[in-house]
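**Q** Questions regarding the structure given below will be posed in turn.
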Amino acid sequence: MTTDLHTSPASAPPPEADRVNLLDFAKRHWSTIAPIATLLLLIIAFSLVDSRFLRHENFLNILRQSSVLLILATASTVVILMGSIDLSVGSILTFTAFSGALMVQYTGISALLVLLPLIGMLCGLFNGLVIAYGQLPSFLVTLGTLYAFNGLASYMAGGAPVPLTDGGFVNLFTGTFLGLPVIALWAILVLVVAIIVARSTRLGRYLYALGGNEKTSRLSGVPVRRYKVYAFMISGFLVGIAGLLQLVRAKSASPDMGEPFLLPAIAAVVMGGTPLSGGIGGPLRTVTGVLIIAILGNGMVIAAVDPFLQNVVQGLVVIAAVALTMDRRKMTLVK
């Protein structure tokens with residue numbers, strides 16, 4: 001008597017099952033897969049267009065260009081995770097940078113390193129208190145403070161740029177360390193701390209809970225108002241750090257220095273896979289969105305794309321990336 005060791009056709013998993021499992025996996029993780037795929041496609045495309053794109057010097061340049069944006073996008077992620085939005089990040093950056101340029105000659109470097117993040121945190125505290133205890137939409141409140149902080153900064157400086165006078169202060173954040181730009185190392189440090197807070201602390205858990213369902217969180221005993229204020233304070237603190245670094249990069253504070261960062265910061269969060277309605281995503285995903293924006297801009301400059309067309313392409317890529325990564329089940333108005 002012989003035993004048939006071959007598996008019968010009936011017991012073998014049909015090929016369709018493997019395809020279904022693969023499709024299910026792709027659907028479940030689409031908000032993670034799509035941004036990474038977009039990033040890889042951009043790298044491949046620009047590498048084929050111009051070999052200079054893959055040079056080490058260009059890689060360092062991308063790190064320098066994206067460092068401030070990464071910190072601002074991380075700050076925006078903290079607020080967006082709970083389903084809110086902060087449109088004032090650019091104006092807080094401007095306000096803190098102006099404050100630093102005006103104070104450095106009186107306070108010295110060491111005090112300024114502490115004061116600028118604290119000034120940003122106070123701006124965030126104001127936003128958070130008005131939103132949480134005034135029960136007002138974050139979109140409208142931060143739209144108002146966008147103009148208020150910008151106006152205050154311009155008033156302080158008389159509407160004119162303020163140069164940074166402390167050369168030692170500039171040298172503290174420029175140059176390289178272990179082959180990487182110092183400004184990029186600051187951004188990476190901020191990112192790592194934000195990831196730890198989001199994943200391993202009560203604050204992080206509550207932010208995800210608020211983004212998932214604020215009403216349920218309140219019924220579960222979460223002090224919603226308090227943690228909303230905390231989120232905006234942390235966001236402001238991070239923006240203060242970004243203001244410090246941007247002041248160093250530009251070597252002066254100008255009335256419009258924060259304006260170019262607002263929309264890219266929010267777009268980077270969403271492009272990375274964190275929806276505006278909150279509840280899912282996080283700082284690690286935001287890195288992908290920041291790299292997409294930085295590489296897209298850098299690659300088009302190397303490819304000598306017309307500056308006006310660059311804006312068109314960037315806008316279309318943002319729309320496409322958001323369409324691909326947005327979880328439509330979570331599409332609600334920001335709180």
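The backbone N, Cα and C atoms fix where each Cβ goes, and this holds for glycine too.
TrEMBL lists 30-49, 69-97, 109-132, 139-157, 177-198, 229-249, 261-280, 287-305, 311-327 with the feature transmembrane segment.
Looking at the shown structure, what environment does each listed feature sit in?
**A** Cβ atoms under 8 Å from those of the transmembrane segment (229-249) belong to residues 64, 67-68, 71-72, 74-76, 78-79, 81-82, 84, 86, 89, 92-97, 100-101, 112-113, 116-125, 127-129, 131-132, 164, 169-170, 172-174, 183, 186-187, 190, 194, 197, 203, 207, 257-258, 261 of the same chain, restricted to positions at least 6 beyond its ends.
With a cut-off of 8 Å between Cβ atoms, the residues of this chain six or more beyond the transmembrane segment (287-305) that come close are 35-36, 38-39, 42-43, 45-46, 49-50, 52-53, 58, 61-62, 65-66, 69-70, 73, 191, 264, 267-273, 313-314, 317, 321.
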**Q** For the transmembrane segment (261-280) and the transmembrane segment (69-97), decide whether they are in contact, meaning at least 3 CB pairs lie under 8 A, counting pairs 6 or more apart in sequence.
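**A** Contact between the transmembrane segment (261-280) and the transmembrane segment (69-97): present.
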**Q** So if I exclude everything within five residues of the ends of the transmembrane segment (69-97), which remaining residues of that chain have a CB under 8 angstroms from its CBs? That is, six or more out.
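**A** Those are 116-117, 119-120, 123-124, 127, 131, 138-139, 142-143, 145-150, 152-153, 186-187, 190-191, 194, 198, 206-208, 210-211, 214, 227-228, 231-232, 234-236, 238-247, 250, 253, 255-262, 264-266, 268-270, 272, 274, 276-279, 281-283, 286-287, 289-290, 293-294, 332, 334-335, in sequence order.
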**Q** Any residues 6+ beyond the ends of the transmembrane segment (177-198) with a Cβ under 8 Å from its own?
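**A** Distant Cβ neighbours of the transmembrane segment (177-198) are 60, 63-64, 66-68, 70-71, 74, 77-78, 81, 204, 207-208, 234, 238, 241, 245, 248-249, 282-284, 287.
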